[in-house]
Amino acid sequence: MVLKIFFPQCCNRADSGLLVGRWIAGHDSAVVLAVIHYPFIPGQVKQYVQQMQAQSGVELSVLGSWSLPKDGQEGMESFLRDLSTIFPQKCWLQISRQMGKTGFTCNILNRAQNGGAAQQKVTKKKDEEDVKSDGEAGGEEEDKEEEEEEEKVIFVHYEQRKVMLSQLHPIENGVPDPKTDPPSELRQMFQTVAHSQPLFFLDKYDDGPLKSTHWQSEGREASIIVELLKQASVPLCLLLSWLLSLWTWICNIRIFSLYPLRFLSSKLSTCVQLSYRTQHMRTLSSPKPAAGHTQFMRKANILVSFLVDVALGMLLISWLYRDNHITMLANTLVPAADHVAKELEELLQWLMGAPAGLKMNRALDQVLGRFFLYHIHLWISYIHLMSPFIEGILWYGGLSACLGLTFALSLLSDMVALLTFHIYCFYVYGARLYCMKIYGLSSLWRLFRGKKWNVLRQRVDSCSYDLDQLFIGTLLFTILLFLLPTTALYYLVFTLLRLVVVLFQGVLHLSVDFINSFPLFAVGLRICRSYRLAEGVKFRVLCDEPGTALHLLMELNPLKCSTVVQTYRTPTYSCYPKDSWAALVKKLFVGELIYPWRHKTTKAD
């Protein structure tokens, strides 16, 4: 069996002492976490290891000894080897390194059942004088045995700080599920280093009797700004929780639960964004710390997205309220609405004639054209009635950007929906009329074939009709068939206009959804500190000197950016159509209404 020893790079030049770490159960592997320097008292070392084990929850133990000979420490190796009787272990690792060499030599002391210790030399230096004195045959046999023994230990060097701060993600292909299967050797190694943070708090500035070497032994890594933010987060969360409870009490007033207000709040993009942001604030204001890595990343992504959203909103406010841009927009909006209305009038006049040389049913064409022209006149009157208040609406509506750019975009989407309400009405009228004719023609077509639609069984059954029914059905089918081109032309024109508005609103909704759901913190972490999000590891040969064990360097494979976005994307209210493209085309063909509104009850992960 091959014994793998995960050895931290920061301990390569540590002073002689004891190795503290953990044996990985079920695997012939050991994780070295720190080196306790000589001089020390064994009883204090035992007490310290037990204390760290209780704080971290990791089964820590003294794995063996580490020897880096210096002047005046000739008998250090024998002294450290004798400590195996004080720290009883199944295997006692005796690792040593010679100055000027990269590789280590390792001896393993296996404790027998009777309490004795049998030394097994795993790696040793080649002694040329002994090889010469033994003869060629004996030398070849010893070389073979030595090569076999050298293959029993592999040193895997890792960077302790990166491994402790990284989160190992499961690889999609060939990685067992940790919920059903036991964790792999590599995952246990990452968890051991991550959970052993209390062991890394002992640095050279402590006045305790023990000194150790690890990644933080030269001084604890800390930030004054982070500590101040931690202290300020508690009262801020309490204040935010109180404000959210007050807002929830206001929203639960009975008048807001009435049907018209409840219906409007579920359809307006601003109200949907407000409820979505309230849910985010509840997540951030929770006084409980994050339970795991996923919840921590979710909170961090929400916080960064919120800050970026507010920053973009403040930039928009600074542009709107500078150089009188709101007045310019208000003065441009009314002429633009008049221009759209005039274009619609010209379009209807064109449809009431002979559009593209098509011969339409004149009576139905005139009725539909005058009906839509009347609605346009009503809309123009409404716009001119509201024109004195448009500047005030834009001025106060622009203040919503202080809550974030997403609120401004949602308000813009609602304003577009209100300003193009006449186009929506035209589309609904044309779609309903076209749909009635399509379903009427399909029903009469079944009448000709002696079929009917069974409503109870939801299928087409055979049916016998008398002569009067067939005669009336033929007349109705002929009338509907000849009136269909006129209705279809109006439906086609207003459907295209409606699709333009829906496309613009869809772009706004996608922009809001992108700001709300994009994991900015995770992507920034992937770019700036790629080792924090690891997908796996790779190994390369670090040292393969004769007479020493094989040394490998473990490097972290960062998670792909696409996988980061897919894994840490914040769940949002879906603004994408529920239907496929084929279903959408079918709805347009049969005249069913297409609603671009977002549904508050549906979420997209």
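Heads up, the Cβ atoms here are built off N, Cα and C, so glycines get one too.
Residue ranges 224-248, 249-273, 499-523 are listed, and TrEMBL annotates 499-523 among them as transmembrane segment. Within the same chain, residues 334, 337-338, 341, 344-345, 348-349, 351-352, 421-422, 425-426, 429, 486-487, 490 sit at least 6 positions outside the transmembrane segment (367-386) and bring their C-beta atoms closer than 8 Å to a C-beta of that stretch. If you look at the transmembrane segment (393-420), the same-chain residues 6 or more away from its ends with a CB under 8 A from one of its CBs are 268-270, 272-274, 277, 306, 309-310, 312-314, 316-317, 320-321, 326, 329-330, 333, 337, 501, 504-505, 508-509, 511-512, 515-516.
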